[in-house]
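Participant: Dumping what Swiss-Prot says about this protein:
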type     : residues                                                   : note
BINDING  : I503, G504, E505, G506, S507, I508, G509, N510, V511, K525 : ATP binding site
COMPBIAS : 315-334                                                    : compositional bias 'Polar residues'
COMPBIAS : 439-464                                                    : compositional bias 'Polar residues'
DISULFID : C57-C66                                                    : disulfide bond
REGION   : 241-334                                                    : region 'Disordered'
REGION   : 385-477                                                    : region 'Disordered'
Amino acid sequence: MSFTRWEVFFGLSVLALTMPFSAGVTNLRDVSAINNLYITLGAPSLHHWLAFGGDPCGEKWQGVVCDSSNITEIRIPGMKVGGGLSDTLADFSSIQVMDFSSNHISGTIPQALPSSIRNLSLSSNRFTGNIPFTLSFLSDLSELSLGSNLLSGEIPDYFQQLSKLTKLDLSSNILEGHLPSSMGDLASLKILYLQDNKLTGTLDVIEDLFLTDLNVENNLFSGPIPPNLLKIPNFKKDGTPFNTSIITPPPPPVVDPPPATHRAPPVPRIPPVSGVPPAPFAPFAPLQPQQHPPPSPPLVWSPPSSDNGGGDPWNSVSGQPTLQISPPSGSGSGKFWSTQRIILVVSSVAIIVLVSGLCVTLWRCCRSKIYNRYYSGARKDLQRPYFNKPPSQPTPTMGKVSREPMVKPFDGYGAGDRKYGYPMPQRAEESRRAMPPTSYYNKDVNTPQKPLQQPPRQFQSNDTASKRAAHFPPGLNSSSSATVFTIASLQQYTNNFSEENIIGEGSIGNVYRAELRHGKFLAVKKLSNTINRTQSDGEFLNLVSNVLKLKRGHILELLGYCNEFGQRLLVYEYCPNGSLQDALHLDRKLHKKLTWNVRINIALGASKALQFLHEVCQPPVVHQNFKSSKVLLDGKLSVRVADSGLAYMLPPRPTSQMAGYAAPEVEYGSYTCQSDVFSLGVVMLELLTGRRPFDRTRPRGHQTLAQWAIPRLHDIDALTRMVDPSLHGAYPMKSLSRFADIISRSLQMEPGFRPPISEIVQDLQHMI
């Protein structure tokens, strides 16, 4: 049998192409799944684990157990693993055991899980959200451990298909509600841990299960404990307020009226109070006689109904008057009326307390207005590109102040987070060349400006207007003052707030370039009408006072303000080179000036700004929206961080739209100083790679810069390939390695593992 030349060539080609994949032992599907798991866990320090490729079975990756070529077990308990889990867990072909317990994994439990799983242990982590309903599809599941997390909501009613489940641990979460009825279908269940939750209702659902261990401590269960549960060998119920009084005993048997001879004993009868004969005998059990009646007992009697017939009630045989037992149609017993009085008193007190609480709440709301409606959450900034347009000549006439509607989120005072791929205007380079040199603005702005129609008033930072809860040190730069501008003067400087002078726009407000006489420039932020409506004059002045205290070399300086005719504006120093985002992604001429040393100095300047906010200010000031568009560059490429102290004015935005800067915990409403550190790490990644933090034009898996870069930071070959090509290799390898290490520590998924900002500043200073 002979082969033609092309057949031999084809066979060798196929062999060469398949050799890299056939060399490994592990199923390629499992390799891809564990690579994705490694990435979502934040690239932890696990022996042999890789983000791409590898042979988990052949190389015996840490915690991995295989059967032939398939991964069947992954056990990494107590390895200090962070990050989160994703739906790619379902890609494992035949995995049976996943033990990720006692780590720092956060986020929600993924909806997609491998159908072959038998033992799933996620206990002692930081999972949040609800228990996913898709667990009902795991018919082979025998052990499920979700204890010691932050899971909330009710336990879903989906246990019908989990007939093989023998252990269920839901302890130490924030679960509430009743036990689902399908939990009674768990015929194989032996161990059930529900302690330390907020579960309510009764335990009747599980009374027929053959349990050996049951722990319901520290819950809110009520009702009697079913007798079958009391027979469980290991039954713990301390701290749960079981209330056996809500279940009434069996009703007493109906007793026929005794014969007449039994009514004759000499028992003192209680005459009717109103002279009406007692109600006829009703088939109720008589009251038991009191053995030791107290002297002169009070007589509690209910007024009999006028339609009561004749007959004698049963009385106590002890000679002491007792309460008459009336039929349901009567007026009720004395005990009944006593209970009503108690209920009436308690209800009255409760109503008084509720009304008082409502009054206090309304009073406090009137004081604070709606300030607390705003919190700084995640938000997506889609802002125009910042570019320096040629100065416009002021118009000879003055028009009314423009009232722009609220627009897309604002970023920096120029150069916001625009839609990626936004073209740089052709005249941008010409405009930049037309800008004044570094000394574009002198510090004599605090003196009255000649164009002002009214003499400027000095606003001292120790004002007494609206002393709100400020997040700034009260004594910092207490002598600072700001120039009070008039609307007329700012109209003149900004060409009547013309669109040509807009250098940024967003939800806080539009930013205009203001040209003063003698070629000086300012940046004027005109707060949106939405902010003006929700902020009083006193609150605005307090904001100005607080921002004035944030005066350091790397914080964008507030120079003045305007508060006239319902309009509020903040006047900042002007940075002619725009933002770092412009320099990296839009301005090619400026990009060429970003040498390695310049980039390290920019990272150091940004870090020092955050160090001032986090560690000098008491209490600390969290920026909450730190990104490359907030890092402005002056004429010497020195850093000025914008929007410091304005976080509370930002409306809530979905964290999924934060363009790759948001730390994982921000998704759940937690924003701390360490969240700023994570955002700084992303900015340093931009400096290292020249890539955008999020780019939809790239392949899936490469779109989010942090997710793509983290696994490569400790691989020297991959690290050199990811450096910005415009540097042309002009950087020391030792400096590159140190910078990558700083970035890697800043991008830890767990906030507690990220270094304090002072440590980052110190490490960057050692690189200079």
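Placement of Cβ uses the backbone N, Cα and C atoms for every residue, glycine included.
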Participant: Between C66 (disulfide bond) and G509 (ATP binding site), how many Å separate their Cα atoms?
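Facilitator: Taking the Cα atoms only, C66 (disulfide bond) lies 58 Å from G509 (ATP binding site).
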Participant: Tally every other Cβ atom lying within 10 Å of the Cβ atom of C66 (disulfide bond).
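Facilitator: Cβ-Cβ neighbours of C66 (disulfide bond) within 10 Å number 21.
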Participant: How big is the Cα-to-Cα gap, in Å, between I503 (ATP binding site) and C57 (disulfide bond)?
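Facilitator: Taking the Cα atoms only, I503 (ATP binding site) lies 57 Å from C57 (disulfide bond).
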Participant: I'd like to know which of the recorded positions C57, I503, G509, V511 has the most other Cβ atoms within 10 Å of its Cβ.
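Facilitator: When each Cβ's neighbours within 10 Å are tallied, V511 tops the list.
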Participant: From the Cα of G509 (ATP binding site) across to the Cα of C57 (disulfide bond), what is the distance in angstrom?
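Facilitator: Cα to Cα, C57 (disulfide bond) and G509 (ATP binding site) are separated by 57 Å.
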Participant: Under a three-state reading of DSSP, tell me whether C57 (disulfide bond) is helix, strand or coil.
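Facilitator: DSSP assigns C57 (disulfide bond) to coil.
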